[in-house]
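Sequence annotations record features per position, and here Swiss-Prot assigns active site, proton acceptor to Glu97 based on sequence analysis. Under the heading active site, S-methylcysteine intermediate, Swiss-Prot lists Cys345. Per Swiss-Prot, [4Fe-4S] cluster binding site is recorded for Cys117, Cys121, Cys124, and the stated evidence type is sequence analysis. What Swiss-Prot records for Gly170, Glu171, Ser202, Ser224, Leu225, His226, Asn302 is S-adenosyl-L-methionine binding site. Residues or ranges marked as disulfide bond in Swiss-Prot (evidence: sequence analysis): Cys110-Cys345. As annotated by Swiss-Prot, domain 'Radical SAM core' applies to 103-340.
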Amino acid sequence: MSDKIKDKVDLLGMDRAELTEFFASIGEKPFRAAQVMKWIHQFGVSDFEEMTNISKSLREKLSKTALIRTPKIVSEQRSADGTIKWLLEVDNHNCVEAVFIPEKSRGTLCISSQVGCALECSFCSTGQQGFNRNLENWEIVAQMWVANKALGCKPKEERIISNVVFMGMGEPLLNVKHTFPTARILMDDNAYGLSKRRVTISTAGVVPAIDKIKESLDVSLAISLHAPNNALRDELVPINKKYPLEVLMPALHRYVEGGHSKKHVTVEYVMLDHVNDRLEHAQQLIELLGDLPCKVNLIPFNPFPNTDYKRSSNNAVHRFKDALMEAGVNCTVRRTRGDDIDAACGQLAGKVKDRTKRTLQTVNLDKLHG
């Protein structure tokens, strides 16, 4: 990036308050923030000259002081089932993936929050990639910007992207500095106007940040549980050694009890053959969840290169589901989507390693989530 560009303010990742402050700094009135925000996010404009209801003098001023940075689209892959995966280059070395999953009643965009992941979950392709860095505001919201533009989304028309889930590459709650402001942009009526219940942050269990969601965002929460006891979860989801179940579960109860709206937690549980899919595991899960308002989402494992795990049989999955349902636990089996383009759950980054600057490092989790 040239020094000339470095001196400019990047507007893509700014929320309305930040944009208002920026316009004040260049002698403009507060209403300009909402005006420009609509152009950027609702109309997909990245060139100030296209903002036709803004004076020529202001467009010239913006061109000298600001920019709207967008990522390079390295590839777009379309699955037979309609799923679309974008590989986006956010700098000269790093790529991230975003996935759009169309359904009859909604369209869900799955976005990434980090380049790689520090948590090293043993069944996840991204976890085997290693961790490089957190994504910045603009790099996260750019995934929505790209998808919105690629899908031809327009203001005042029926939403194509109705839901956004932070379930792509990385652990969102180890990057609250950037995921939280991005969530606010997604929910701003001058940007994408999503309701709080249509924005979901998924976590492997970063307990201090779960409490921050309740306090400052009030969006939906999904927990990547995957095991009903500490011994097995230590193996599958290593962050459990730092935040074991006896610490995690009370945090989930605090989440559903806080805020202004009735909440539940989505519990993600990947089904691994002869690892966590037996009826004894189902019974342990029933006891663990207790009276927590939740929905369990059973996820058939999606294989990736060099993994020893296998997908549970359909019979095992449905036995597990039936046991939960009989105990009164709301449970569904996720339909695998996009596996033919490596866009299914757990497959992201499986073929991105060569395009990503891999950094194997010991990560201080406390420092990372701030």
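Backbone N, Cα and C atoms are what each Cβ position is placed from, and that goes for glycine too.
Sequence features annotated in Swiss-Prot and their locations in the structure.
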| residue | record | Cβ contacts under 8 Å, 6 or more apart |
| --- | --- | --- |
| Cys110 | disulfide bond | Ala98, Val99, Phe100, Ile101, Val165, Met167, Gly168 |
| Cys117 | [4Fe-4S] cluster binding site | Cys124, Thr126, Gly127, Gln129, Phe131, Met169, Gly170, Glu171 |
| Ser202 | S-adenosyl-L-methionine binding site | Val165, Phe166, Met167, Pro172, Leu221, Ala222, Ile223, Ser224, Thr266, Glu268 |
| Leu225 | S-adenosyl-L-methionine binding site | Gly205, Arg233, Val237, Val267, Glu268, Tyr269, Leu285 |
| His226 | S-adenosyl-L-methionine binding site | Cys121, Phe123, Arg233, Leu236, Val237, Glu268, Tyr269, Val270, Asn276 |
Asn302 (S-adenosyl-L-methionine binding site) to Glu97 (active site, proton acceptor) - Cα separation in whole Å: 17
Assigned element (helix, strand, coil) containing Cys124 ([4Fe-4S] cluster binding site), judged by DSSP: coil
For the recorded positions Glu97, Glu171, the one whose C-beta sees the most other C-beta atoms within 10 angstroms: Glu171
Cβ neighbours of Ser224 (S-adenosyl-L-methionine binding site) where a neighbour is any other Cβ within 10 Å: 23
Sparsest Cβ surroundings (other CB atoms within 10 Å) among the binding-site residues Cys121, Cys124: Cys121
Neighbour count (Cβ, 10 Å) for Gly170 (S-adenosyl-L-methionine binding site): 31
Helix, strand or coil at the residue listed as 'active site, proton acceptor' [DSSP, three-state]: strand
